[in-house]
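Here is the structure we will look at.
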Amino acid sequence: MKRLFAKGHRVRNRDKLIPYWLATIVALPFILFIGGVAFGLYLKLQNQWMVFGIVVFALVLISALIVYRLYLLLLSRNKFYIHRYREYLLWRFLFQNGLYFTKKSGGNATNTTPRIKFPKVYLKQGKYTLSASFQLEGIKFQDRFLSIGGQLETMFSADMMGSVDDKAFITYNYAIDSIRGRISAKDVIATISEGVKLSEGVYWDFVHDPHLLIAGGTGGGKTVFLRSLLVGLLRLGRVEILDPKQADFVPLNELKVLKGRVTWETEEMGQCLIDLNHQMNERYQLMRKCSKERGEKELGAFYKYDLKPVFIMTDELPSFISALEDLPQGSLVNYMEVMSALKQLTLKGRQAGFYLVIATQNVKADDLPSTIKDNMMLRITLGRVSSYTYATLFGEENKDKKFKYVEKIGANRIFGRGYYGIFGGPAKEFFAPLLPNPKVFDFYTDFESLPRIEEEKIKNQVEEKRFLQAEVLEKLNITRSTLKKIESLLQDNQFPLGGNGYSKKELDLLKRILLEREETGDTLRDAVSNVISTLM
Ligand SMILES: Nc1ncnc2c1ncn2[C@@H]1O[C@H](COP(=O)(O)OP(=O)(O)OP(=O)(O)O)[C@@H](O)[C@H]1O
């Protein structure tokens with residue numbers, strides 16, 4: 001039985017009657033009521049036709065108004081009515097576009113009206129999805145059916161998710177009623193296995209689709225969305241926030257869970273990215289070491305090693321990048337090294353569990369380097385954005401899609417509406433988690449109670465690389481006897497080197513001593529004591 005209806009409702013010519021019988025269902029109780037009242041009045045008001053007529057007319061008028069309002073309400077709210085009305089829409093679409101066959105009625109010579117017969121077209125409707133299947137098999141409408149998907153998308157106000165061509169039929173799949181799947185910001189949860197829940201059935205599966213790019217016009221709801229993400233992210237991993245606007249996120253630095261993890265000065269933000277890149281590389285070292293110890297061939301992802309994900313959230317990234325370009329010479333960080341760290345995090349972050357969440361206003365041509373843009377797998381727009389932004393975020397795949405800005409639904413202003421799509425996939429309508437009533441929930445209070453997720457102490461766990469003596473001699477371009485002399489001078493100054501090779505720190509110390517000697521022209525002994533004195 002299930003197989004029989006696998007494709008859903010078949011469109012037939014009798015579907016033209018759907019609006020009539022839907023309206024009749026609504027009107028029926030009123031018709032019966034008016035009939036009953038009229039009959040009662042008729043018995044009571046014998047021969048007073050005038051009064052009888054006025055009362056019945058008034059009743060009919062009021063009932064008609066109620067029926068009409070009720071009918072519209074059911075069409076927008078009731079599942080049965082909505083589904084049947086869509087079936088009618090599909091019938092009307094096929095009919096008005098001449099996508100049907102006509103057959104002469106046989107027998108009666110006086111009846112010349114041709115009979116209408118529709119090709120095999122089916123409509124299947126689920127809670128959040130809808131699919132329409134069209135017969136191909138060489139029928140005369142085949143070519144039109146192969147390109148009908150976009151028109152149906154507009155007709156159903158749905159988002160096309162793709163089509164399946166199984167030779168006999170082409171089936172277009174759509175996402176519908178995304179607003180019904182909207183969740184409250186307080187219900188945003190994040191897990192490694194599913195990702196961050198953004199709406200019913202919509203997840204940011206960061207392990208498989210790393211990095212999130214959000215674009216939104218002013219007042220589009222970016223800040224509210226970023227804070228909603230924090231509800232889930234702060235419970236799952238470590239979050240670092242860069243706030244170049246120095247506005248919405250700065251106060252969060254006071255919270256235990258984010259203390260020292262919110263930066264807003266350009267140099268600090270740059271240093272934060274450089275440090276994070278460093279931490280990511282250290283994490284890779286740790287993972288490699290553990291994997292080797294376990295005798296595994298595949299490195300696998302961070303969660304195999306009980307490591308927590310790290311989310312790097314940046315509001316208004318382009319404004320941070322342009323501030324970096326303007327940094328004066330001699331600043332703590334420079335543009336090149338910060339951008340290189342950012343690119344590394346984007347390219348290598350997935351496996352180590354470092355994920356970027358980048359928010360920006362409209363995307364402009366040279367706003368974001370393409371290495372970064374092309375590796376942000378989930379893209380979301382919120383509110384009103386330019387057509388260039390849609391094209392950049394959702395690409396060729398969605399070039400025929402009619403993106404629209406919706407300001408109101410009914411009488412209600414809509415906030416946080418936009419589109420989401422995995423890079424290279426179809427874009428779908430999206431409703432960001434709804435801001436809860438501040439009397440019931442506020443972000444700051446929620447975050448206040450959260451425990452802090454500490455950085456793993458990688459430094460102690462990873463075996464530090466040690467350089468062999470030959471490597472040191474080559475790197476510093478000195479003789480063995482000079483090296484021995486420096487070592488013994490260091491020993492005299494209570495600064496013995498570790499033995500068993502040389503650490504990176506020790507190598508740097510040796511470099512500084514040689515540099516000091518070169519710059520001051522002092523003896524090696526003086527150079528050693530000068531450098532040591534700066535370390536005390
Ligand atoms: N998801 C939402 N649910 C309910 N209201 C929202 C939502 N998103 C935004 N709003 C409303 O819209 C207002 C503006 O949102 P928000 O501050 O997030 O915009 P924005 O994109 O960050 O703007 P800007 O770029 O100018 O800072 C909020 O104060 C809130 O009233």
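In case you wondered, yes, glycine gets a Cβ from its N, Cα and C as well.
Remark: Gly216 (ATP binding site) has Lys222, Phe225, Ala359, Gln361, Thr381, Leu382, Gly383, Val385, Gly418 as non-local neighbours, by Cβ distance under 8 Å and separation of at least 6 in sequence. Taken residue by residue with DSSP, Gly216 (ATP binding site) is part of a strand. Under the heading ATP binding site, TrEMBL lists Gly216, Gly217, Thr218, Gly219, Gly220, Gly221, Lys222, Thr223.
Positions annotated as domain 'FtsK' by TrEMBL: 199-391.
Residues annotated as transmembrane segment in TrEMBL: 20-43 (among others).
Look at TrEMBL and you will find 49-74 (among others) tagged as transmembrane segment.
All chains included, 11 other C-beta atoms sit within 10 angstroms of the C-beta of Gly219 (ATP binding site). With a cut-off of 8 Å between CB atoms and residues at least 6 apart in sequence, the same chain places Leu382, Gly383, Phe415, Gly416, Arg417, Gly418, Ala432 near Gly221 (ATP binding site), listed in sequence order. Set side by side, the binding-site residues Gly217, Thr218, Gly220 differ in how many other CB atoms lie within 10 angstroms of their CB, and the most is found at Gly220. Residue environment of Lys222 (ATP binding site) contains 26 other Cβ atoms, counted within 10 Å of its Cβ in all protein chains. Close to the recorded ATP site, the chain also has Gln361, Leu382, Gly383: residues not among Gly216, Gly217, Thr218, Gly219, Gly220, Gly221, Lys222, Thr223 whose Cβ is within 8 Å of the site's Cβ mean position. Gly221 (ATP binding site) falls outside any helix or strand according to DSSP and counts as coil. Just so you know, the Cβ of Thr223 (ATP binding site) picks up 17 other Cβ atoms within 10 Å once every protein chain is counted. Filtering Gly217, Lys222, Thr223 by Cβ distance to ligand 1 (under 6 A) retains the following binding-site residues: Lys222, Thr223.
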